[in-house]
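Notes to accompany the following structure.
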Amino acid sequence: MQWRLVCAGVLIHLILVYSIFDIYYTSPIVTDVPAHDITRQEAPAKRLVVITADGLRMDTFSRNPDKSPFLHSLIRDRKGISGTSRTHVPTESRPGHVAIFAGFTEDVSAVARGWKHNPVPFDSVFNRSREAWMWGSPDIVKLFDNSPNAHSFMYDESDEDFASNEAYKLDEWVFDHVEAFFEEAKNNSELWQSLSADRNIFFLHLLGLDTNGHGNKPYSKEYIENIAVVDRGIERMQRVFDDFFHDQSTAWIFTADHGMTDWGSHGAGSDEEVLTPFVAWGAGVQKGGATSTISQVDLTPLCAALLGTAVPVNSMGVLPLQVLDVSPKYLFRSAFSNFLQLKEQFMALRAEKAKRLWFSDFDHFGLRAIEALEAEIVKLARLRRFAVATALFVENAGSIKKAIFHYHRYDRSFLGAAVSCCFIAWITLVWCYLTRDRSLSLFTRKTLTPNRVFLGLLAVTLIFCLYCKLPPSNYLYLLLPVYLFSIVENVLSVTHEVQAFILNCITNYATTSFSFLLKPFLGLVGTSVLLFIFVIVFIDRRFLAAIFILLMFLPSLYESKLVDEWSRTWLICCVLLLPFPFFPNVGKFEMHWVCILAPVLFAVSLRYLARHPLFVKKHGDLRMLSGVLFITAGLILVSSYIFQKPPALLRLISWCSIPFSLLLPLFAPPTIVDRSIWHISSLFVPFSLLSIAYESIFTLCFLPLLFMFLRFEFSHLSDVEFLHLKADHSVDAVCASRSARVTGAELRRALACVCFVLASLFGTGNFASMNSFNPSTLGRFISVFSPFTMAALLVAKLFIPLLMVSLLFSAVLRFNNEAIQRLSCLVLIITDLMAMLGLCGDII
């Protein structure tokens, strides 16, 4: 493969991947926006205490009032107000806390810049307060402690142990240190003076419930008892604050950043994950009242209203009026500050998009509408009709937010279309490379240089970008497809394919027009249906069953008696795989006995294979591999049923299994069959150790398909010849095409490869969903919270089945470079078409 094409492919795909995040996950932060204070006088509360119980589910909190008697007494005795807080996807700790204190779903660009610190500066209630004190997990507290007025206190990261039965001690640490802090303040006049000032905020982050939920699940005794620890701690904090201040000017908010699934994960949008409890009491808070449901981002303007500070400038929250117990005038001032803060974002985003040639105002709520709304609100306030003015803002707040979202996503369809053009041009280039005359060099200086027409188009596009003052990345998305199409035009001119195609169309149309057009039309329809099935699997994994049904017909594409003999076994394996897409995602429950059974069955299969007459010489190797699998089953048995927390030795063995699985096959005999068995058996060891349910059994049912496919591809060989086939390309691969055309065998392999990859990704869970993750998956490797290590292990678990597929296809192609290049190009075309189809579907 020409190095220029490889470099271009890598660069173009890096740009395309980046474009998805740049276009669809743009930052919600609007810079240079002024803030609007609610009041410079006395606010309803001098200080605010916000307590977040990380990972607390609403239903669990409501169903166990006996575990939280203090909080439920506030609700029952009408000393405060309660309700449900609806969080936002992704339901993770970091975005949840950013939503609570800054009022927006976190800047996605922060993910690329860091995890445990606040890499992207944004405004929050901590910035707006006079001083802020924070206690809790370093992963959360460090997000907000970069402000000069913030003081943070954190425990060590190693204390966050998912396998511990004493995770509640993380919460007790917070309560103990808060109490000790106020005891110290009694003897420190400077600290006492700072604490006595107004507009102070105290943040207590309680991680015990989240840690217990991950390690023991949210229905466990440990999780339920942890609620009691939190409740007692909050009651204790109430006494500490009352004894220290003696002014009844403290407002309290208790909530959670997210919930949790039954299997101990979070990240997606199920009710268990997005619904969290909300309880508020104290100064400025309504005493009793109807239970309400508020959005998590609404807590930000609520915090600002209680303290009398400005609402953080990028907040998308709307003040929950029913929570506040204040005068109508103060309620109006809080709501009007909220209105002005949303209006500033509206105006800033609209001004930026108004520079576009194709600019059009938001149909439902444009500039005139927001100006008229402001005038009406001000008019009502001057007439001292504060309640009506406040209600008018709340009534129209949803429309303002829709307009902000509209301008925020204004260029999405246009840029998405440009990226789709990049895909089309690139796919055309790869196809030209595949079907080229081998004597021609397609990617020369001549073909890479645009002609005059395209130079003019590039110049016009550049002027257009400059006039619209687009961001630098947008220049790339608009200029790249023009340049790629210029290369396509040059390449087609060199190969004369367009002229030949037009001439062929004219010749055939004059004779058999219908039959000539029917075949490509049917091919186009069939390709579209296949691509649709491939793409929709990413949305609903149950459609993977359709892929298994299609695979049932794969043997019919071979003309071989041997394949016919194996076709019934192939059909049985496909039928066995059919139910798996309808099973619950792996992670929702644990099946330790199945995890033990899978390596045992694999080991028994190898023992049985060793007795076959054709494998007599491989008897020792197969018995050794089966022994390794039996040991793996023993390790899973010990870790699952004997130890609550796997000992250090077992974790060391688990970690060693990863390099072991890569090094052991190096000692395999140099035949295709031997190397394939050694590779698959070795990789099955760490995969089994990372399994918690039926994923290893699925893989065990899936592997026979791969081995049968390998045999089908060498169906022209006898069994003896196949077993002794060397794993090199000293002899030309049977699949290496000498033709410039794409053969049916190559297309068959490419489609089978995509089917196998999708099966390995979605056979046991939704690869595209965050809440398929269960921390128990990593229990034999790690128990302490470490995001990057945990992510690496999850990637390894996903990568192992893909590596198995890759190894089998490398064996099919006999490691022949030319054959591998052609298969890679075909798979690249199919997957790029899938990506483009998914992108176009999102645009539409």
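Glycine residues also receive a Cβ, built from the backbone N, Cα and C atoms like all the rest.
Bear in mind that the values here come from a model prediction, so they are computed numbers and not experimental data.
Annotation source TrEMBL lists domain 'GPI ethanolamine phosphate transferase 1 C-terminal' at 404-836.
If you look up TrEMBL, you'll see 414-433 (among others) marked as transmembrane segment. Listed by sequence, the residues of this chain that lie at least six past the ends of the transmembrane segment (414-433) yet keep a Cβ under 8 A from its Cβ atoms are 1-2, 5, 8-9, 12, 15-16, 19-20, 23, 358, 442, 474, 477-478, 480-481, 484-485, 487-488, 491-492, 495, 497, 825, 828-829, 832-833, 835-836, 839-840, 842-843.
Residues or ranges marked as transmembrane segment in TrEMBL: 453-470 (among others). If you look at the transmembrane segment (453-470), the same-chain residues 6 or more away from its ends with a CB under 8 A from one of its CBs are 355-357, 411, 478-479, 482-483, 485-486, 489.
Residues or ranges marked as transmembrane segment in TrEMBL: 530-554 (among others).
Residues annotated as transmembrane segment in TrEMBL: 566-585 (among others). With a threshold of 8 Å between CB atoms, the same-chain residues lying at least 6 positions outside the transmembrane segment (566-585) that come near it are 541-545, 548-549, 551-552, 554-556, 694, 698, 701-702, 704-705, 708, 711-712, 759, 762-766, 769, 772.
As annotated by TrEMBL, transmembrane segment applies to 591-610 (among others). Taking Cβ pairs closer than 8 Å, the transmembrane segment (591-610) reaches residues 618-619, 622-623, 625-627, 629-630, 632-633, 636-637, 640-641, 677, 681, 684-685, 688, 691-694, 696-697, 699-700 in its own chain, all 6 or more past its ends.
Taken from TrEMBL, the feature transmembrane segment covers 622-643 (among others).
Beyond the ends of the transmembrane segment (649-668), by six or more residues, the same chain brings 621, 628, 632, 635, 638-639, 643, 674-675, 677-679, 682-683, 685-686, 689, 780-782, 796 to within a C-beta distance below 8 angstroms of the stretch. Look at TrEMBL and you will find 649-668 (among others) tagged as transmembrane segment.
Same-chain neighbours of the transmembrane segment (680-710): 551, 554, 566, 569-570, 573-574, 576-577, 580, 583, 586-592, 594-595, 597-599, 601-602, 606, 625, 628-629, 632-633, 635-636, 654, 657-658, 660-662, 664-665, 672, 752, 756, 759-760, 763-765, 774, 776-781, 793, 796-797, 800-801, 803-805, 807-808, 811-812, counting only residues six or more beyond its ends whose CB sits under 8 Å from a CB of the stretch. The transmembrane segment annotation in TrEMBL covers 680-710 (among others).
The annotation transmembrane segment is assigned in TrEMBL to 749-768 (among others). Sequence-distant neighbours of the transmembrane segment (749-768) (same chain, 6+ residues past either end, Cβ-Cβ under 8 Å): 530, 534, 537-538, 541, 544, 547-548, 550-551, 554, 577, 580-581, 583, 585-587, 693-695, 698-699, 702, 705-706, 709, 713, 735, 798, 801-802, 804-805, 809, 812, 823, 826-827, 830-831.
Counting residues 6+ beyond its ends, the transmembrane segment (788-813) has Cβ neighbours under 8 Å at 115, 658, 672, 675-676, 679-680, 683, 686-687, 690, 699, 702-703, 706-707, 709-710, 713-714, 727, 733, 735-736, 749, 753, 756-757, 760-761, 763, 767, 773, 775, 777-778, 781-782, 819-820, 823 in the same chain. The transmembrane segment annotation in TrEMBL covers 788-813 (among others).
Annotated transmembrane segment per TrEMBL: 819-840 (among others), in sequence order.
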What parts of the chain pack near the transmembrane segment (530-554), using Cβ distances under 8 Å and only residues at least 6 beyond its ends?
570-571, 574-575, 577-578, 580-582, 585, 705, 709, 712, 748, 751-752, 754-755, 758-759, 762-763, 765-768, 830, 833-834, 837-838, 841
